[in-house]
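Annotated features in TrEMBL:
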type	residues	note
SIGNAL	1-24	signal peptide
DOMAIN	70-150	domain 'Cadherin'
DOMAIN	151-259	domain 'Cadherin'
DOMAIN	260-374	domain 'Cadherin'
DOMAIN	375-479	domain 'Cadherin'
DOMAIN	479-596	domain 'Cadherin'
TRANSMEM	596-625	transmembrane segment
Amino acid sequence: GKVEFCHFLQILALFLCLSGMNQAELSRSRSKPYFQSGRTRTKRSWVWNQFFVLEEYMGTDPLYVGKLHSDVDKGDGSIKYILSGEGASSIFIIDENTGDIHATKRLDREEQAYYTLRAQALDRLTNKPVEPESEFVIKIQDINDNEPKFLDGPYTAGVPEMSPVGTSVVQVTATDADDPTYGNSARVVYSILQGQPYFSVEPKTGVIKTALPNMDREAKDQYLLVIQAKDMVGQNGGLSGTTSVTVTLTDVNDNPPRFPRRSYQYNVPESLPVASVVARIKAADADVGPNAEMEYKIVDGDGLGVFKISVDKDTQEGIITIQKELDFEAKTSYTLRIEAANMHVDPRFLSLGPFSDMTTVKIIVEDVDEPPVFTSRLYSMVVSEAAKVGTIIGTVAAHDPDASNSPVRYSIDRNTDLERYFNIDANSGVITTAKSLDRETNAIHNITVLAMESQNPAQIGRGYVAITILDINDNAPEFAMEYETTVCENAQPGQVIQKISAIDKDDPPNGHQFYFSLTAEAANNHNFTLQDNKDNTATVLTRRNGFRRQEQSVFYLPIFIVDSGSPSLSSTNTLTIRVCDCDADGIAQTCNAEAYILPAGLSTGALIAILACVLTLLVLVLLIVTMRRRKKEPLIFDEERDIRENIVRYDDEGGGEEDTEAFDMAALRNLNIIRDTKTRRDVTPEIQFLSRPTFKSIPDNVIFREFIWERLKEADVDPCAPPYDSLQTYAFEGNGSVAESLSSLDSISSNSDQNYDYLSDWGPRFKRLADMYGTGPDCLYS
């Protein structure tokens with residue numbers, strides 16, 4: 001409260017001083033000439049200086065700024081003052097009688113520091129200026145109403161660890177919107193509120209520096225500082241602002257690598273493959289990034305050529321791997337001296353000690369049950385293709401490398417010997433032939449021999465054997481190709497017609513040598529001869545002058561070929577020679593003897609055309625016969641083919657004559673209707689009755705008779721109605737029947753004396769009923 005009260009007193013004193021200055025009237029100072037037409041030159045009688053007004057006025061009345069007055073004004077009210085320019089009428093107003101200027105609004109220097117206005121004195125009656133217009137400035141007087149601000153905060157910075165005292169970290173800057181040219185409102189000083197005793201700040205510049213030596217990143221790597229900026233040169237009553245600064249200690253290589261243990265021990269099986277990882281070791285380094293990068297090397301020990309160590313770039317671990325196969329029987333353990341050293345050493349910290357460390361690694365080789373090992377990785381053997389079954393080719397040997405030295409048994413992997421050409425003795429490893437060999441089929445056999453321990457058959461070693469088949473002369477020579485030899489009809493004696501060569505599937509060491517000659521039966525022929533060129537080729541020549549296709553179109557020349565093998569083999573090959581008609585250059589044109597015969601008869605094309613015509617005629621005849629044999633199927637089923645019985649059974653006896661609900665009586669009662677013709681669905685009728693005759697109302701017995709007769713006639717003349725057996729029951733007996741009831745049930749159960757003799761008059765179709773119910777001597781019942 002005291003600070004704020006003192007501040008208020010200072011503002012009040014400044015306000016009073018400025019008001020007194022503004023009320024002083026200044027005249028004839030810095031005068032300029034003023035001209036009016038027709039008059040002599042006079043001097044200006046008023047001069048305006050700048051006015052001052054205090055910002056942030058909090059009063060309720062307009063703030064007095066100053067007073068304008070002209071020497072022409074005698075105080076009688078004849079002069080009026082007007083004001084124009086920035087803020088005239090809106091911010092600043094003038095009393096036109098007295099010239100007093102007031103500010104009607106609260107002013108802020110940070111928004112606008114000064115206002116330029118123009119004043120003029122006018123004659124009230126004529127409204128003409130009595131003085132020339134003059135310009136003046138109202139300047140806003142600053143007060144300390146803005147605190148310093150850090151526009152770039154909060155800050156982050158870094159400084160290397162172990163930096164000496166006074167190392168610059170970062171500079172902070174605060175700005176104050178108050179007037180820096182007036183008073184101390186904008187004069188800022190800096191101080192540190194949080195972060196001591198590790199850091200300090202320059203009061204005037206805002207530069208933050210280290211205040212303690214040997215700050216260790218590994219102990220604490222980050223600090224939070226609070227910096228204050230205060231105006232009024234830090235005096236009481238000044239305004240202040242703060243910002244935060246996060247300082248991170250960056251790493252330097254001030255920590256050497258150290259192994260956590262002086263020695264390590266690892267067990268590995270002897271069967272571990274080459275390049276497998278044996279162990280991973282790591283030296284601890286408190287530094288990070290490049291300062292923690294290190295390299296490992298084996299500096300001593302008995303495993304220098306067996307193991308090697310490399311570094312994992314991601315984890316900085318030393319990876320020990322195998323360079324050679326391990327053998328428990330040869331060596332059971334290895335000792336390695338391994339060094340870890342930093343790759344980037346800072347000379348400033350060499351005094352802390354060597355930036356490397358040593359450790360010992362002992363590797364114990366464990367024994368495992370290994371498969372048998374062959375004495376050679378690849379066996380090469382040879383055998384003649386003439387070797388008999390059971391011939392010994394060679395021997396393989398394998399042993400158990402373990403200390404137990406278990407016996408070994410041998411076998412051949414039949415996947416490599418599908419034809420089973422070879423056998424092997426299970427105990428001795430002797431390989432023999434099992435079948436006859438043929439070099440021309442397969443010159444080299446690559447087989448795999450399996451060796452398994454007797455005590456542990458699961459342990460299997462593999463050996464590889466390459467058996468080369470030696471060639472013998474077991475293939476006779478033959479023509480190198482199928483020759484198509486021709487001779488012209490006009491050939492001359494001694495003319496070359498073919499050059500032949502031979503091949504042999506065998507492969508003698510010194511190459512082939514073939515001998516050509518004609519067979520004994522062909523040696524004295526008068527047509528052709530053979531000349532051996534002594535270079536594995538021979539030439540066929542003509543012996544006589546001219547050949548005729550009509551006499552003989554083809555000649556067969558047997559040629560005898562012998563190779564140079566031991567023993568030598570021979571073969572007879574037949575060369576087919578065709579006689580052809582040739583042009584002047586000796587090029588064959590026609591070689592068929594039939595060409596002379598065909599013109600006398602029919603050509604091949606004509607024969608094909610005739611055959612095609614005959615086949616077409618045969619097809620037409622077959623179609624005509626098929627169409628004639630095709631008959632129309634009868635629509636009425638044959639009795640022998642289609643015999644069916646339709647039995648309609650009604651279990652409902654009905655309610656007698658009085659029952660009119662169980663059955664529809666309308667059709668039987670009204671017989672004078674036209675009955676539609678109902679056709680069969682399973683056949684197509686050829687004749688249809690379009691209408692039926694009408695019936696007249698006649699007595700019931702006649703009605704039934706005509707009704708049944710009409711039905712009978714329809715059935716007789718309807719070709720669509722096969723003679724099916726059909727049982728139909730008519731429940732309607734008619735009105736006033738003469739014979740009354742036709743029911744046999746009533747006649748049998750009662751002693752009625754009904755007469756059914758009239759049934760005999762109805763024709764043969766009712767003879768059965770007449771015999772059953774009649775009273776004649778042939779009646780079935782009495």
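Just so it is clear, glycine is given a Cβ too, placed from its N, Cα and C backbone atoms.
The residues of the domain 'Cadherin' (260-374), classed with DSSP into helix (H, G, I), strand (E, B) and coil, number 10 helix, 54 strand, 51 coil. Applying DSSP to the domain 'Cadherin' (479-596) sorts its residues as follows: 4 helix, 53 strand, 61 coil.
DSSP states for the domain 'Cadherin' (151-259), grouped as helix (H, G, I), strand (E, B) and coil, give 3 helix, 45 strand, 61 coil. Residue counts for the domain 'Cadherin' (70-150) under DSSP (helix as H, G, I; strand as E, B; rest coil) come to 0 helix, 35 strand, 46 coil.
On the 0 to 100 pLDDT scale, the model's mean across the domain 'Cadherin' (479-596) is 88.
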